[in-house]
Amino acid sequence: MITNNISEIIGYSFKNIQLLNEALTHPSVSSSKDNINFNYERLEFLGDAVLNLVISEMLFNIFPKDTEGNLAKKKTALVCGTKLVEVAQFINLGTFIIMSDGERTCGGANNSSNLENALEALIGAIYLDGGLKAAKNFIFLFWKNSAKHMKVPPQDAKTILQEWAQAQGLLAPSYHIVNKSGPDHNPTFTVEVRMNSHETLQATGNNKKIAEQKAASLMLAKINHKTK
């Protein structure tokens, strides 16, 4: 039984199975079947917030001497898409996601965006079903080891750009979604990055986080070109 299989893997048994079903339902199903009017998007929104809170508290306690800046960099690395996909693949989440035949045929079970979204939705579902303690237990199970062994805070494009702006006495870069295209189950986001005294630049990605990182990378490349 699928429910039992995933419960054994994640170390949590749902009291309300409907929450688990919703967390594992891809938007392609709700858009293609009239009798299904739910998908994981709302739970994904909640799970993202829960993950950020728990990871922040985890790092705060593990690294009592770290500065706010170093904690922020570590948190970014632990909640980024790459880490989410790593955890999702470890628990084989793609095999449990309920999606349309077309989405699965196109590789939806291994799609990074689908894995990220479903994992965040799963965290949101655990939080609603078992409270913050249950969500913490799940997150600690699959994130704490990585957090404990994190030495040098990793750098990503958005962090580097923000630190550069601060060093120049500028306001922090801001990111804005200027367009969303494609079907709900496989959208493309266009994000614009804005900074004082610099032209705006845009980049696209399968989710907002990827698009923002790409936009930040483009801005850094532009700045480096001008300073040469």
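Note: Cβ is positioned from N, Cα and C throughout, glycine not excepted.
TrEMBL entries are annotated by machine, without manual review.
The following features are taken from TrEMBL:
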ACT_SITE  D48  active site
ACT_SITE  E120  active site
BINDING   E44, N117, E120  Mg(2+) binding site
DOMAIN    3-131  domain 'RNase III'
DOMAIN    156-225  domain 'DRBM'
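Each of Y40, E41, L43, F45, G47, D48, E116, A118, L119, A121, G124 belongs to the same chain as E44, N117, E120, is absent from that list, and has a C-beta within 8 angstroms of the C-beta centroid marking the Mg(2+) site. Here the CA atom of E44 (Mg(2+) binding site) lies 5 Å from the CA atom of E120 (active site). DSSP assigns D48 (active site) to a helix in the three-state reduction. Look at the domain 'RNase III' (3-131): DSSP puts its residues at 96 helix, 2 strand, 31 coil.
Here the C-alpha separation of D48 (active site) and N117 (Mg(2+) binding site) works out to 9 Å.
Long-range Cβ proximity for E44 (Mg(2+) binding site), meaning a same-chain Cβ under 8 A and a gap of 6 or more residues, is found for N117, A118, E120, A121, G124. For the active-site residues D48, E120, the largest tally of other C-beta atoms within 10 A is found at E120. N117 (Mg(2+) binding site) has a Cβ environment of 29 other Cβ atoms inside 10 Å.
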